[in-house]
Amino acid sequence: MSADNDQQAREQLIDLAAQFYDQFELGEIPHMSVPTRTKNNIEYDEDKDVWVYGDRESTRSANSVRGARKLLKAVYTIEFLADQLEEDRSSTLRELYYLSESWDNEEAQFSDQDESNGLIEDLEIVSGVTREDFHMRPEESGATLMGPLHLREQTRRGEREIHCQKDVGEGGYQIPNNPDTIDFLDCDADFILAVETGGMRDRLVENGFDDEYNALLVHLKGQPARATRRITKRLHDELDLPVTVFTDGDPWSYRIYGSVAYGSIKSAHLSEYLATPEAQFIGIQPADIVEYDLPTDPLSDSDINALESELEDPRFQTDYWEEQIELQLDLGKKSEQQALASHGLDFVTETYLPERLTEMGVF
Amino acid sequence: MTSFQSTLGDEPGIAEELAESQQSISIAEFFEKNKHMLGFDSGARGLVTAVKEAVDNALDAAEEAGILPDIYVEIQEAGDYYRLIVEDNGPGLTKDSLPKVFGKLLYGSRFHAREQSRGQQGIGISAAVLYSQLTSGKPAKITSRTQGSSEAQYFELIVDTDANEPEISVEETTTWDRPHGTRIELEMEANMRARGQLHDYIKHTAVVNPHARLELREPQEHFKFERATDQLPEETEEIRPHPHGVELGTVMKMLAATDSQTVSGFVQEEFTRVGKKTADSIIDAFRDRHYGREMRWRPPTAHDDVDLAAAVEDATANKGPEATTAFADAIADAVADEDRIAHHELLEAVESAAEAVEAEHGTTFGDTVRENAVEAVWLALIDAAGADDDVVGEDGDSRLVADLYDLADDATSTRKDDETIHAFADRLAGKFEDLEDDRHRLTRATLREFVDRAADLTEEYDEVSFGETARENVVEAVWDVMATVPDEPPLVRELNGDRDATSDLVDAMRATDIMAPPTRCLSPISEDLITAGLEKEFDADFYASATRDAGVSGGDPFIVEAGIAYGGELPAEGTAEVMRFANRVPLVYQRGACATTDVVKTIGWRNYGLNQPGGSGLPNGPVVIMIHVASTNVPFTSESKDAIANVPEIEDEIELAIREAARELKSYLNKRRSMQKRRKKQNVLGKILPEMATKVAEVTGREEPDIDDAIARIMNNVLVERQTKANGDGQAISVVVENNSSTNESLEITDIVSAEPTNLSDSATVVEMDGEWFVKWEPEVGSDDEATLEYEVPDDATFDLDVKGVESEKLTVKQ
């Protein structure tokens, strides 16, 4: 959050505009190339152990009316971001979308928020600057954290030292939008347990799981925000904590694990910065459905499609996942985390998690 | 009638009495009562028809004399009546022929001619005279001056309907200011309710007769249609009838009249497109019909146990053993060489064998010996030699059965079992054996009877079906192997009066493939003149035309032409206007009954980029579709000649002609659409890119960039740019053409310079005019390529670039 950093980000953006300028001057058609953001264009980076974009590029070119509009919007957005950095302000993605309504040029206004979100992603990739460094926030802030961790956060109102068990309420510590403003002071946790649903997180807190097992509970809140993934990555890298992920037993939840461990398709350019390839999947595994005789729901058509598309997703092409996904397709069933309650409210903390974590070698 | 019958005895005079009241009716009287058949069914229509007949006549007359037509039509109100005046600059009519042309129905020069002309029957103008005298009681007033004569003839006449002859009331000489021509004045009961049709008729006439000048003056309006060309339509030539288009009666008349002796000479002399080869084909076809063909049987094979040589030797007596053997062997070998052999072919083989052996052995083989040999071999071939069970095939059948079995088996479907085919072949062979003429000569009709009979018996006794297709196939197969006989066809005088033989000849002519009739008897308008005519009368954006090659229908050649005009000032609302023409005459009435309209409606106009509600019917939009059918005999649905009949050959050609023109329309519309799209894109980008450039300049804090080159690239445009460089006292100029499009472009560039240019590139030329220098340069620039024009001028020169050859939407000029 240094002024230097801001200045650098701003220069990168202006360089991008200068690139368009030079293209005009050379009589070239203004254009901008970005990697294609589809699952067909992500590949495994062996050095960094994460999934990154491949060589396929999409070109946004002023050759067509659509392309020209896109570039015009890009230039307007660049101006806005540069101004924002200069004034040390920040805004949310949604604010950017509404803000475009105030631009003098109707052609430059966004027609929906997907368009403005996509454009910000384009600019991140092309300029090599992250959204956070543009001072762009998502609407919902990061999720929460609970466990034996003592940290210091730089806030706009000064530094705060917080213990994530003792200084917080039942809700836990709120992960800030840019977790790089945090310094870790002291940590007694043995591992990180990232939990998909709020209900399960509350169950673990109520049962005192964090206390009993020295676990750092990270609430993913569905698809984890970048801040959540970033802090997980930092906790793993800097404090050497093993990361485990506990979700529902359905294809959508496997993707949540995937984005923690391997990075998401839309932010593959940031995988190195967000993904924790060492993260392990606890469950619910399709195998658990059989082993623990869990109550189930049948797979819907879209579940089956999602599973089949995961079989083709390069991120899931491991023996473990192929076996689990094929087993689930055979079973034709899925289970939620809460289904464990069919064996009693303490079953998850007293039986399931200890058994799975031992199996996985976490303790 | 029974009542008459019963009283016949009492009143013997009844038949005579009835006969008294029966009399012949003159054609004039007939049409007097049936005016509608000629298009005079109402006052409104009568006037249009009268104008039409008079103008058609006038155009024909002028064109025939090689004069560019100049026609004046005037309609005046005359008390309760209307007065119609039509003047032309034709060659005029002689004193003798004039009254008949106007005062006698069915008098004309064209009815018998196979040549394209507007009028055909010689009814039209005299019918107008008749109509005028019937409704107003006044005679027609006709003035005519022939070329070179100092005075004009003036007649007043009516049609004597009883006699169908002109009745002249006034005949005098007069003066007339036209050097030659004809003027007719008719008074008739009429009204102007059909003004629309009248105007259409005149306007449409002007479209298809771009060489004619027309003027129409009616009580309320006055139109003039000037010439678009000085080129007269090509003169047409009369042609002889085409063999495919004549009827039996006509041929009988022609046979009686011809000077030719032989049929071959007759068909070559009297018909078009018949030469020696075609005549031979016709005669062969005639022989097949008149004499029939002879069946050709397979010669015996080795295992057939038929010894032809032995048969010949048996039949030949007293010729010495060596010569006899040679004769017999020669015949047997000749027969064995053939796949199949007919009686007359055998005859020839025996003749040549006899002559060969005569030459070698010096023995004479007389007619009797030859006949005996032929008979012996033929009977052996058709298994009729000696006692019935002497010579039979392996399975006890005659050779004919085996032969016919193979033919029938090949010709019928595989589903029929062998038994059936065999039974059928056996019966068919029986029919051949029963033939009185043991040469096995029969016509196709007789063959068909045989097959039918054999098939019927087979159906009856073997309880299987032997259908129409199977029978026809068998007839076809057998007829195919049969041979045309060499008999001489009868001479013309023998044919003359022989109805049946003549009928065979007509059939033969129809069955022979003959080249389509020549088209010099037709005078199509031509594609260029159709376009010129449309351009003259319709202010449109686009014109297309198509002239098809000639086709034939019923022996009459015909040509179909089509034209399309689109856009411009044509009304965008409502359906397309369809203009119909036959032999350059506009068809005004009965649009719905016309083959042309039917065809236009069946075409899927959406494929050609026009709006067509429901996908059929007339298209909507600013379109004029014109169709011209030229023929020596246009098939009309009625005598009033308002609609072309639905003749398939003509309809097909109409469709092809329209589609040909419509394809051009389609590519025009596509191009226009893509230009529109390009314009739209250019408009949007023309707004966005400068804004983007401004923003980029703002963000980067630089001057606004120059974006013309980028825009030219984006639009795939052709960019013409002048670059100026100081060069000593003067400046060096280069004009650069950059082609960003995907096609080659040919440009015509003119740079108008105020001072004399020097060191000009080789490819350019310069012309001085009034102190300005026109630098002309016509480069061809390939896709993604560049070309440069260079020259030098003094410092103070000014320039003006003018670029042609590229659509303005695709062009960016910077100077």
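Just so you know, the numbers here start at 1 and follow the chain as drawn.
Cβ atoms here come from the backbone N, Cα and C positions, even for glycine.
According to TrEMBL, the feature coiled coil maps to residues B:651-678, out of the candidate ranges B:427-454, B:483-510, B:651-678. Across the domain 'Histidine kinase/HSP90-like ATPase' (B:42-163), the DSSP tally of helix, strand and coil residues reads 42 helix, 32 strand, 48 coil. A 10 Å cutoff on Cβ-Cβ distances gives B:ASN57 (ATP binding site) a total of 24 other Cβ atoms nearby, all chains included. Counting residues 6+ beyond its ends, the coiled coil (B:651-678) has Cβ neighbours under 8 Å at 542, 544-548, 551, 558-564, 566, 595-596, 598-600, 602-603, 605, 607-610, 625, 627, 629, 715, 807, 809-810 in the same chain. Other Cβ atoms within 10 Å of the Cβ of B:ILE125 (ATP binding site) number 27 in total over all chains. Packing around B:LYS641 (ATP binding site) is summarised by its Cβ count: 27 other Cβ atoms lie within 10 angstroms of its Cβ, all protein chains included. A coil conformation is recorded for B:LYS641 (ATP binding site) in the three-state DSSP classification, outside any helix or strand.
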